[in-house]
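**Student:** To start, I am sharing the structure in question, which I have written as structure tokens.
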Amino acid sequence: MRNLCFVFIFISLLAHGSTHGPDSCNHDRGLCRVGNCNPGEYLAKYCFEPVILCCKPLSPTPTKT
């Protein structure tokens, strides 16, 4: 019974809201953070809604050419 409850909670977390997962956040130059974004970052989307946020820097990072 405990395993069934764990599976139910896991499935409900995966299906909740418009979550994108850490791969999508990292691909877009963001970082998944728990709670709040750091100063100089903004909330772009959720890695796992509503707890884990996808935070991106306010200014774009320069790229080397």
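One is the number of the first residue shown, and numbering goes on along the chain from there.
The backbone N, Cα and C atoms fix where each Cβ goes, glycine too.
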**Student:** Of the listed cysteines Cys5, Cys32, which one does Swiss-Prot record as disulfide-linked to Cys47?
**Tutor:** Cys32
**Student:** Please work out which residue of Cys54, Cys55 has the most C-beta neighbours within 10 angstroms of its C-beta, and give that one of the disulfide-bonded residues.
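**Tutor:** Within the set of disulfide-bonded residues, the most crowded position is Cys54.
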**Student:** What disulfide-bonded residues among Cys25, Cys37, Cys55 are found with a C-alpha within 10 angstroms of that of Cys47 (disulfide bond)?
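**Tutor:** For Cys47 (disulfide bond), the disulfide-bonded residues whose Cα atoms are within 10 Å come to Cys25, Cys55.
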